[in-house]
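Input: a single structure, listed below in structure tokens.
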Amino acid sequence: MEKIRAYELSKIFGFPSKNIVNVLHEYGVSTKNHMSALSEYELDVIFEYYTQKNQAKDFSIFDKKKEEPKEAAENVSDNEDFTPVPEIEVGRKLRTVDTRVNNVDLDRIDDEKIEELIPENVKQGDKKQKINQKKKQQQRQQHSTKQKRKPENVIKKVEKKEKKVEPLNVLVPNEITVGELASRMKKSPAEIIKKLMLLGIMATVNETLDFDTASLMVEEFGGIVEKEIILTDEEILFDDFEDTAEQLKPRSPVVVVMGHVDHGKTSLLDAIRDTNVTEGEFGGITQHIGAHRVRVGEKKITFLDTPGHEAFTAMRARGALVTDIAILVVAADDGIMPQTIEAINHAKAAEVSIIVAINKIDKDGANPDKVKQELMEHGLVPEEWGGDTICVEVSAKKRQNIKELLEMVLLVAEMKELKANPDRKAKGTVIESQLDKGRGSVATVLVQNGTLHVGDYVVAGTASGRVRAMNNDKGKSVKKAGPSIPVEILGLSEVPEGGDEFYVVEDERKARSVVENRKFQEKKEKQKSATAISLDNLFEQIEAGKMKDLNIVVKADVQGSVEAVKQSLERISNDEVRVNVIHGAVGAINESDVMLASASNAIIVGFNVRPTNGASDAAEDAGVDLRMYRVIYDAIEDIEKAMKGMLEPTFREEVTGHVEIRTTFKVSGVGTIGGAYVLDGKIRRDSLVRVVRDGIVIHEGELNSLKRFKDDVKEVNAGYECGLSVSNYNDIKDGDIIEAYIMAQVEPE
Ligand SMILES: Nc1nc2c(ncn2[C@@H]2O[C@H](COP(=O)(O)OP(=O)(O)OP(=O)(O)O)[C@@H](O)[C@H]2O)c(=O)[nH]1
């Protein structure tokens, strides 16, 4: 057991430690001072003492602010907030503790301890009684051992016992304060606090306990735990029951197309649509509603129309998990490119199955084997090479192998055993939405479970309303839509956001109040700064048990650094936190990186690279922590320190502005002078500077000179031209960006 010292206990109670020492002195323990570790017995004495003193009152003993009249204080309770104890003899007082109130647990202070405490003169009289009691007890025990041999007696005894100590059923919610738990357990908070202390948990009456700790307390006192489930209005309204195996029916897969720019995502989607039309599907041309369905034999596949991983991750960032399968398009003449890698990592982070479409095989330079080789390097091993990644060689342009690709999609879908229950109220995700002049709020929703009907009352984000009309992807008006079916719905009060979850609800009035409440909460959330993960709050989040994985996005100037950083970072995982590099690539930090980090609660670590302007803004909006380093060792050290709660951010750089070099000229004896233009913010003569070329930092240092026309100046603001030179660096070129920054002291929080 962890020992608690007198002063620690006094802190929990909120009064001077001398009070504790005084109480102990009063009860015959005289060797104690405020640093003394307290034995279990001494804790018993103190807790009983204060439990007794507060029996008649409420639990305000723990309310430090509550003031009692001063004159009520006596020597023991000097400066205490408590009702004073009547002045009676020590021996009697202890006996008072033992017997006065019926909820004091007599077993907890054993006879010997009481004996030790009772003064000799009092003991004399009591001793006989005690000995008699002991004898009687022994006799009773012997008697019962004899009886025990008969099984019927055993049963009787058990029954008797059960009748005697009725265990108390205690409702325990996910979180409960010590005070509330005590009242539910019909105990005093002091008793609970003491028990917690014996388990090494220091808690005050207002401290919140989690379900496990609270349950343990109930069990320790012989009670029975009943889990209390508190349903929110939304939970009651949305009726989120689990479907049984019999209710679940197969549903079609939902697919997204991703890949590098110009590798043929749009062409492939067009080709897929065409296959469908030429097969004579009724309804003709697909309307643009944000998603469409194609028929392959007896089955159907739902495609999301917006290609690219940005849209996909933006949706995931909002908590929406809509896709089952990602088709990764890789041009056979170009191979794996940066956005292909991004797409792979985005799909992996979302745990979506990947099928590779090796496109443009009709082209002369097409080399599908090279693509497969490169895929292997990124953890996707083609099936024909012994892995489990299906690769289909296609030509979107020539419409080659499109059907085979679709069949593979169905195959993967079949393996995933995608199911939903069509016989319940619909639930799904908003794919797209807009305000139409004539039709009002128009939203494309993907039904993910249940069936949506015209006339249903729907809540989507902060919008709600009755579905007035529904159109499918062929522009046809429909009355209902089941799982995996995208439909355009009219009738919502407002325009919901893409990625919003929608539910059909029964109680319209309640639904409106839920929506109102959501709007209010949303406002509050916006006011509250986002609690995204950062190195500064990492330790707190680990401590609070909120962090099990530390996700990191790594961007660096060269591939070698990406790999080195990845390996070194993953090696610093410890028992509490696993460090995962979810994406690593070469180049400036872009908005897509920030989106991935935001969706995966990751931090971004950059080596010799800078964020693009859009990325900096996006990171600030989303509360994503961007950390830039020049040396790998510094990054490892920072993250290690942050994991141990030892990071001391004393200085932090603050970018003051960006300057573009527009022309350069060499001056003998001085070096290269840049004719420049301040793009944003300002640059100061004493600024620290970084020379950035194509998003990569190529030099870091100080300014050598800063001039307007011929004059030296202290600073130049945005919109003005200037001349500058960088100390010890003469290689500045047209188009370079000079990032000016200062090191600002960070106030400790
Ligand atoms: N030869 C050949 N060209 C193709 C094929 N698929 C697409 N292309 C061409 O590649 C170019 C890019 O195709 P898109 O479908 O626009 O590519 P994307 O990936 O959607 O491009 P973004 O939307 O800009 O990211 C176009 O000129 C297409 O005609 C193919 O199978 N063979």
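Cβ atoms here come from the backbone N, Cα and C positions, even for glycine.
A TrEMBL annotation is a machine prediction, not a hand-curated record.
If you check TrEMBL, you get these features:
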type     : residues                  : note
BINDING  : 259-266, 305-309, 359-362 : GTP binding site
COMPBIAS : 130-149                   : compositional bias 'Basic residues'
DOMAIN   : 250-419                   : domain 'Tr-type G'
REGION   : 120-153                   : region 'Disordered'
REGION   : 253-401                   : region 'G-domain'
Q.
With helix taken as DSSP H, G or I, strand as E or B and everything else coil, how many residues of the region 'G-domain' (253-401) land in each class?
A. 48 helix, 40 strand, 61 coil
Q) From Asp262, Lys265, Thr306, Ile361, which binding-site residues have a C-beta atom under 6 Å away from some atom of ligand 1? A) Asp262, Lys265
Q) Within 10 Å of the Cβ of Ile361 (GTP binding site), how many other Cβ atoms are there? A) 22
**Q.** Other CB atoms within 10 A, centred on Lys265 (GTP binding site)
**A.** 24
Q. Can you give the mean pLDDT for the region 'G-domain' (253-401), rounded to a whole number?
A. 86
